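The annotation domain 'Peptidase S8/S53' is assigned in TrEMBL to 2-469. What TrEMBL records for D3, H76, S413 is active site, charge relay system. The domain 'Subtilisin-like protease fibronectin type-III' feature in TrEMBL is assigned to 528-625.
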Amino acid sequence: MIDTGIWAESPSFKDEGMGEIPKRWKGVCMEGPDFKKSDCNRKLIGARYYNVMHASNGNNTTQMRVDKSPRDTVGHGTHTASIAAGAIVANASYHGLAQGTARGGSPFFRIAAYKVCSEDGCPGSTILKAIDDAVKDGVDIISISIGTSAFLQPDFLKDPIAIGAFHAEQMGVMVVCSGGNEGPDPFTVTNAAPWIFTVAASNIDRGFHSKVLLGNGRIFQGSAINFSNLTRTETYPLAYGKDIAAKYSPIPEARSCYPGSLDPEKVKGKIIVCFDGFPVVSRTIKKLVAEDAKAKGLILINENDESAPFDSGPFPFTEVGTTIGYKILKYIKSNKNPSAIILPTVEIPGIKPAPVVAYFSSRGPSVLTENILKPDIMAPGVAILGAITPKDEEETASDGVKPGGYALESGTSMACPHVTGASALVKSVHPKWTSSMIRSALMTTATVYDNMRKPVTNGSASFATPHEMGVGEISPVKALNPGLVFETTTEDYLRFLCYNGSPEKTIRSMSKTKFKCPTKSSDDLISNINYPSISISKLEKSIGFLTIKRSVTNVGHPNVTYTSTVQAPMGMKVKVIPKKITFLENVKRVSFKVLFDGSEASSGYNFGSITWSAAQYSVRTVFAVNVE
């Protein structure tokens with residue numbers, strides 16, 4: 001886990017029932033003022049830290065200092081580690097919410113923590129060093145819930161995560177990364193190199209709702225995590241932000257709880273209603289604006305109708321969509337003394353539909369190349385229960401409720417370790433499989449249906465596209481027996497770099513090889529890299545059929561024939577040649593071609609799939625084709 005370090009004392013990292021540490025492990029447990037060698041065990045077998053500077057307050061002045069310890073002071077690394085491979089912990093919850101047994105994706109696998117981040121960020125050079133150390137230490141899988149902004153991301157050979165991940169891949173170590181939290185706009189996915197397993201986030205079938213009771217008896221359900229002590233027996237005056245604006249404040253700012261825009265005297269003692277405008281002003285800041293002005297609560301109207309539940313701690317808070325929001329505003333406008341109450345959060349099980357693509361999850365295609373489909377896959381990333389640092393929970397604890405060492409967090413940071421745990425499960429059953437085989441197994445067995453047996457949707461209730469969810473939601477158990485896998489080799493990746501325009505000299509230097517770029521190198525040839533999905537950035541209507549090549553390796557029954565079926569969008573012709581492929585004892589790998597003709601298809605991206613079927617096997621390859 002390359003992250004903010006780890007809180008070793010969490011029950012999620014106990015080593016009960018675990019055998020001796022494998023002799024091949026070469027890692028260390030680095031000590032610090034607050035971290036001893038004995039903090040590691042047969043579960044947490046390694047812990048390293050790097051000299052990462054961060055700001056701290058000393059004598060009322062901001063100073064830069066280095067924490068010389070693997071201990072997690074942020075909470076992020078502890079949370080992600082517990083999701084990936086946390087031990088089984090009975091009766092875990094976040095102040096009584098999400099109560100039950102907590103366990104990681106692979107609860108009996110071992111963890112090594114590499115602390116590369118502080119509250120002030122994660123230096124690229126440090127991430128690169130940690131990846132190299134992890135590979136030398138003998139890890140099997142590296143999980144990185146870190147990424148830069150989509151609009152600042154460097155080219156593949158200038159990006160420390162991409163460079164480090166390439167070296168790890170060369171050494172047979174799988175790298176799983178979060179895809180970013182800059183959705184729902186397209187071209188926001190990061191960590192999109194083809195040798196990285198890139199993860200999008202979805203919700204799960206559990207919601208956290210906080211009701212709003214209006215003075216007229218109407219009840220509305222909002223989304224939130226709050227531990228307010230308000231009850232149905234008390235109500236407070238209700239006011240809309242623009243009606244309680246400070247003098248000379250612009251109305252758009254006041255209606256959005258912009259800092260400094262509200263009159264504290266008019267806010268005091270009231271529950272206030274604001275819009276979630278001004279994306280640069282987070283929900284945390286809006287909550288602080290309301291709290292500092294002594295408001296009794298905040299109802300936030302989310303114009304996008306979809307977001308992860310915000311944790312406001314003991315402060316009464318809830319978030320509603322525009323339909324409910326306008327009903328609340330209508331009530332305020334039509335009543336002389338409007339009033340309301342915000343009730344504490346309750347857990348709602350069995351939410352439908354689920355999974356749904358998380359609103360914040362970054363979308364493809366990648367700005368660096370559209371000829372590899374990214375993100376690759378989707379996993380749970382909304383309100384996920386995981387271990388945290390005690391400092392972390394003190395800040396959000398409510399009066400009289402004993403903190404429990406766990407918290408609910410949202411982000412592709414939480415989705416990434418789900419896929420890490422699933423990959424570790426596949427690796428444990430198939431120890432000789434390469435990382436590309438494991439990735440392929442998870443991708444070709446992913447599901448595209450929700451718990452209503454309907455196609456997965458996004459936050460706007462539209463069918464989700466592969467640019468939003470990749471190939472679909474992980475189904476780890478199905479991935480244990482995928483039938484066929486797409487093997488992507490180091491040579492494939494080197495050719496990818498050539499096709500993408502990287503100089504041959506740079507590729508040789510980075511890969512420490514004498515590789516020669518193909519004579520013909522162009523961006524459109526990237527689509528022929530042997531990847532488990534297909535993406536074509538430009539298919540001209542006038543050219544007729546475009547041919548894409550793939551090959552599959554049989555990892556199932558030795559004597560078997562697969563038949564292909566195509567699910568193509570209207571107007572697009574898709575042919576698979578041959579339609580049937582046969583594997584015998586001495587035939588392990590077979591090639592096939594996919595021909596695309598978009599002459600009668602709609603302009604823009606068209607999505608579909610090719611499925612190879614035989615007996616109990618169903619191997620699905622998703623395609624995204626941009627018709628011009």
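Quick reminder: no glycine exception, Cβ is built from N, Cα and C everywhere.
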Between S413 (active site, charge relay system) and H76 (active site, charge relay system), the C-alpha gap once rounded to whole angstrom:
8
Cβ proximity for H76 (active site, charge relay system), under 8 A, sequence spacing 6+, ordered by residue number, returns D3, T4, C117, S145, S413
Neighbour count, 10 Å Cβ-Cβ cut-off, for S413 (active site, charge relay system): what number do you get?
27
Looking only at the domain 'Subtilisin-like protease fibronectin type-III' (528-625), how are its residues distributed among DSSP helix, strand and coil?
4 helix, 61 strand, 33 coil
10 Å Cβ neighbour count around D3 (active site, charge relay system)?
26
